[in-house]
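Report on the following structure.
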Amino acid sequence: MMTMLRGWITMLVMLTAINAQAACSWPAWEQFKKDYISQQGRVIDPGDARKITTSEGQSYAMFFALAANDRPAFAQLFNWTQNNLAQGSLREYLPAWLWGQKDPDTWSVLDSNSASDGDIWMAWSLLEAGRLWKETRYTEVGTALLKRIAREEVLNVPGLGSMLLPGKIGFAEANSWRFNPSYLPPQLAQYFSRFGAPWSTLRETNLRLLLETAPKGFSPDWVRYESKQGWQLKAEKTLISSYDAIRVYLWAGMMHDGDPQKARLLARFKPMATLTMKNGVPPEKVDVVSGNAQGTGPVGFSAALLPFLQNRDAQAVQRQRVADHFPGSDAYYNYVLTLFGQGWDQHRFRFTVKGELLPDWGQECVSSR
C-alpha cells in the first residue's frame, strides 16, 4: 500500500511539474515561432514580397530562444544561419545581412554585406549560450565571430577612437563615417569589454555616440561624423529618431541599474519619456535637431519603451496598449520589439551589471507589472 501511495505521489509531483512548465512557457515566443520561423530555423519577414530573412532577425530569435531556454529552436536558428548566411561557417565569415527570393526559382543571399547589429547580438547569444548551457561549440563559434567583427567592422576614427561600423562595406569614406546608434547595446558593449581591445574602448566611444548625437534628447536613426568637423547635426530630413532609434531607448531601459552609464543615458533621453507621457503614445518620428515630433508610433514602440519609462503610470498606459493591440502574424519588427520590451517587463530575462544574461528559467512565471 505504501509503495502504491509513493507511486501516486511521484506521479502527482511529475504532473504538477509538467503543468507548471507548460504554464510558465513564454506564449508570445511560442506564437512567434509558429508565425515567423520555418521548420528549418529561418526567421521570415512576411512584410516583404521576397519573404526575406535578415541576420538581425536570426540573431534576435537566437536571443529569445536562449532567454526561453529553447535549445532546439536555438540550434535550428544557428544551423540555418551558418549554412545559408555564412557560407557554412560563422567562424570564417560574417553572415550576409539579407536572404530571400531572388527570382521565382531561386532563394539565396540577396546582399552579401554584413550588418553589425545582427553580428553583435549573434556573437553575444552564442557566447552566453555556451556559458549557460555549457556548450563548448557555441562558445568557440561566438569567440571566433567576435574576433571577426573586430577585424572587419571596427575602425579607428580620428577624434573618436575605435567605432563599430554598421557593416563591413559602404559606411566609411576618406573623411566621413556613418553610424547607427542602435547597433551596439551598452550592456553588450560592457560584456565584450572582457575580451580586451578594441572592445575595452568601444564601450566608451559608443557612449559618446549615444550622448553626443542627441542634442534634444532624441537619438537619430543614422548620423555622420566628419573628421575635424565632428558630428553632423545640422537640420536635414534624414536626421530623425524613428524605427531604428526606438531600440536605443529599449537597450538603455534594459541595462542593469548598477551600470553607471544607465543613469546618464536615461537623463539624456528623458525628453522621449516626457513626450510619450504627454501624448499617451510614443511618436513615430522626431526631428533630432528641433525636437519636433510627428505621427503615432506603432505598438512595438510602446513595448520597446516599457523598460525605458521610469514612471509606473506611464508604463501602465503603454502596457495596456500592447495588450490591446498585440502584433499579429504580419508585423515582424513590431513583434520582435514586443518580445524584447514585454519579455523584460514580465521578468523573463534581465542583464547583469557585466552584461550577462540572467534568465528566468527556474523562477515562477509572473505577469507584467
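The backbone N, Cα and C atoms fix where each Cβ goes, glycine too.
Copied from Swiss-Prot, the annotated features are:
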ACT_SITE  GLU56  active site, proton donor
ACT_SITE  ASP117  active site, nucleophile
SIGNAL    1-22  signal peptide
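In this structure, the CA atom of ASP117 (active site, nucleophile) is 7 Å away from the CA atom of GLU56 (active site, proton donor). Around GLU56 (active site, proton donor), a 10 Å sphere centred on its CB holds 25 further CB atoms from the protein chains shown. If you draw a 10 Å sphere around the CB of ASP117 (active site, nucleophile), it holds 25 other CB atoms from the protein chains shown.
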